[in-house]
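Q: According to Swiss-Prot, the record shows the following:
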- 25-96: domain 'KRAB' (DOMAIN)
- 92-130: region 'Disordered' (REGION)
- 98-123: compositional bias 'Basic and acidic residues' (COMPBIAS)
- Lys174: SUMO2 cross-link (CROSSLNK)
- 210-224: compositional bias 'Polar residues' (COMPBIAS)
- 210-237: region 'Disordered' (REGION)
- Lys249: SUMO2 cross-link (CROSSLNK)
- 257-279: zinc finger (ZN_FING)
- 285-307: zinc finger (ZN_FING)
- 313-335: zinc finger (ZN_FING)
- 341-363: zinc finger (ZN_FING)
- 369-391: zinc finger (ZN_FING)
- 397-419: zinc finger (ZN_FING)
- Lys441: SUMO2 cross-link (CROSSLNK)
- 467-489: zinc finger (ZN_FING)
- 488-533: region 'Disordered' (REGION)
- 511-523: compositional bias 'Polar residues' (COMPBIAS)
- Lys545: SUMO2 cross-link (CROSSLNK)
Amino acid sequence: MDPEDEGVAGVMSVGPPAARLQEPVTFRDVAVDFTQEEWGQLDPTQRILYRDVMLETFGHLLSIGPELPKPEVISQLEQGTELWVAERGTTQGCHPAWEPRSESQASRKEEGLPEEEPSHVTGREGFPTDAPYPTTLGKDRECQSQSLALKEQNNLKQLEFGLKEAPVQDQGYKTLRLRENCVLSSSPNPFPEISRGEYLYTYDSQITDSEHNSSLVSQQTGSPGKQPGENSDCHRDSSQAIPITELTKSQVQDKPYKCTDCGKSFNHNAHLTVHKRIHTGERPYMCKECGKAFSQNSSLVQHERIHTGDKPYKCAECGKSFCHSTHLTVHRRIHTGEKPYECQDCGRAFNQNSSLGRHKRTHTGEKPYTCSVCGKSFSRTTCLFLHLRTHTEERPYECNHCGKGFRHSSSLAQHQRKHAGEKPFECRQRLIFEQTPALTKHEWTEALGCDPPLSQDERTHRSDRPFKCNQCGKCFIQSSHLIRHQITHTREEQPHGRSRRREQSSSRNSHLVQHQHPNSRKSSAGGAKAGQPESRALALFDIQKIMQEKNPVHVIGVEEPSVGASMLFDIREST
């Protein structure tokens, strides 16, 4: 015998002693089974409602009868796991822990009890009209002339629950009504009759109207000559079904479920249960692939899409798919051009809040990510991760051909060009190079016979100052700094007022003529050399002499002034 058959809430039909028959009510009689398709059509609110009704029903069975073994479905509902059953065939299926309804009807036929007929629903969207309604709680029992009473051994009252879901009327609101099955006690001191006309559930709280209940009790007990278990009372149905949302508005505002740790309140007990996992650190939902745990089942479902590659959210514009709806929402802003996050300092807008947060650090100069090894700070985590590889010597990017590792993906891409034979950098002599530094060095060697000058970073970190001013003795790292400094010494020698502006314009015109007639550089340069003031020639000679001493390869000869020398004179004139 099934374990659930052993622990049943026995219900005895009340009537003449000779006609007293025993009719056991098991958890299967009042349970609900869903197919996977039907379960998928329920929204989260309906699933929570289903969970609460099932747990409450099982609790009532425990309270009115002997101790029952906990079914598997109850354990799953208590843990909050997703629940559905296999697809139904030609006959109505059920949860593996429950017996098929057809077997239950056969057993009733053998005992001589009237067979049950499944309840039908018409006009239900999403379900066939000729199929049994999938979310009807319990068997749709017709009240017989015999009334129900307790088991003789206990000589107490028993309650039979036959919850039936009423058709949806307005805006998809559901109403659960308790069929008014009459309950009697066969003891000498009968227990007060109980009948709940409107038995509505909101997520975790049972809402009852005390005035309505008391009126129902008075209606049943008001006729002294009538037995409360007769058909006239049993066939009376509740017709005042009220939408759940109308009864729970006060609960939504009150938020009766409060967290004892942080004081945050919630509308529903299920939300409070999930919130408490933040304080306890409980993560009951674990991924079978990687072992990562989550506090909510919905988070686990989203995580599992990483392993399965399922991307149900597809962009209608470009067809790109995403595993999360939030990712699709952010992606759509690329097509619409929407940038809702605007910087209050500069007015620049972004399509993601995280991008705005990174941008704000450019104004504040904040660098919250600090290296624990050397103490260097960074404004982004990606920069910190790249920096940490210099300490750990981690090289995650490995070449498939030779096995050489690199710290950056760009370095790996450049390295792979060697194996592919790709050389994208080409000089004038049609020579090909893999990287730009090699091309630059080649061009300097071919043109000037020397290595290229130091880069900006290399010049900044130089310890020596090779360029010295002959007039004041001040030294500089770069020759351009010395040239700018020499101009400050010769400013007093420059003409002032209108004559200075005229000479500036004439120098610019001469530079323009030289640019337009490159073939006449030599003659014009020679003329410029002959017509230049003596102070200018001396200043140029001093600068060339200094550069010749420090770096003789990079100095252009004075005897044949080039366009650069003419530009130098023009700069001095303009300042």
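Just so you know, the numbers here start at 1 and follow the chain as drawn.
Here the Cβ of each residue, glycine as well, is placed from N, Cα and C on the backbone.
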Q: Using DSSP, what's the helix, strand and coil tally for the zinc finger (467-489)?
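A: Per DSSP, the residues of the zinc finger (467-489) fall into 11 helix, 4 strand, 8 coil.
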Q: Mind looking up the mean pLDDT for the zinc finger (467-489) in the predicted model?
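A: 83, rounded to a whole number.
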Q: When the zinc finger (313-335) is classified with DSSP, how many of its residues are helical, how many are strand and how many are coil?
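A: Summed over the zinc finger (313-335), the classes give 11 helix, 4 strand, 8 coil.
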